[in-house]
Amino acid sequence: MQNRNIFSWVKEQTTRSISVSIMILIYVITWTSISHAYPIFAQQSYENPREATGRIVCANCHLANKPVDIEVPQAVLPDTVFEAVVRIPYDMQLKQVLSNGKRGSLNVGAVLILPEGFELAPPDRISPEMKEKMGNLSFQNYRPTKKNILVIGPVPGQKYSEITFPILSPDPATKKDVYFLKYPIYVGGNRGRGQIYPDGSKSNNTVYNATAAGIVSKIVRKEKGGYELTIADASEGRQVVDIIPPGPELLVSEGESIKLDQPLTSNPNVGGFGQGDAEIVLQDPSRVQGLFFFFASVILAQIFLVLKKKQFEKVQLSEMNF
């Protein structure tokens with residue numbers, strides 16, 4: 001009886017351990033897939049998202065060129081919170097190819113490269129009106145040491161094709177490396193999935209070309225989607241197998257003669273990446289005060305001139321009457 005109880009206890013503990021192990025494994029796999037699906041591959045591969053040529057590195061994976069727009073104030077005062085509005089326009093009716101080959105809505109993402117000293121505004125400095133414009137977005141620093149570079153995404157494009165960044169301007173009085181100057185701001189924005197992964201491999205959201213010339217001798221439709229094409233290369237007497245993942249639409253058929261690099265599929269990509277820039281002036285408050293003083297003095301001078309002119313006209317009129 002005692003041996004039976006011990007056996008039951010051991011069986012129960014073993015079952016529990018296996019269940020916990022499976023749960024941990026599922027969590028690790030899920031977490032890894034989510035993190036790798038996050039379109040911040042640039043953070044993993046590049047210290048700075050903007051190359052010396054001015055090109056933003058997101059364009060290495062998102063090959064199609066699409067527009068993006070940024071709107072910022074012409075000038076801001078030190079230690080002031082302002083809005084940087086990034087617009088990523090696209091046709092909301094479009095559906096993109098997902099990693100499993102099915103169709104789904106497009107996500108969007110953006111990277112905002114601010115001047116040194118500018119950074120994401122703290123929550124207690126953001127007004128309720130600005131929070132309402134931001135929605136439920138959560139911004140990140142590109143690097144812990146690069147607070148002036150912000151990233152966001154992927155987020156649903158139908159809800160966030162216009163993204164409001166809350167920015168805090170620096171104060172040269174407390175930051176000695178910041179000056180009252182005109183500064184550039186750079187932005188990159190993408191809609192939809194990329195065509196190339198950071199390791200150089202293709203996603204299923206791009207065109208697949210023939211890796212050899214010859215005759216398509218066999219096409220096998222795979223159980224989980226996609227195709228396996230066998231190309232008979234008569235010139236070299238060999239067979240080449242091209243694997244096409246689920247998503248792209250096949251354009252060739254068995255028995256068809258194809259050339260090297262000929263497209264085997266359609267291009268399913270409906271998204272793309274764009275970059276833009278803007279300028280902002282960090283304005284010295286004393287200059288603003290001086291400008292107001294100048295305008296006030298000009299207005300007063302004009303008033304005095306008008307009064308003096310009227311007084312002179314009255315004197316002339318009285319002399320004529322006399």
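From the backbone N, Cα and C atoms, a Cβ is placed for every residue, glycine too.
Taken straight from Swiss-Prot:
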SIGNAL    1-35  signal peptide
BINDING   TYR38, CYS58, CYS61, HIS62  heme binding site
TRANSMEM  288-308  transmembrane segment
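Feature map: annotations from Swiss-Prot on the structure.
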residue	record	Cβ within 10 Å
CYS58	heme binding site	25
CYS61	heme binding site	19
HIS62	heme binding site	26
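CYS58 (heme binding site) falls within a helical segment according to DSSP.
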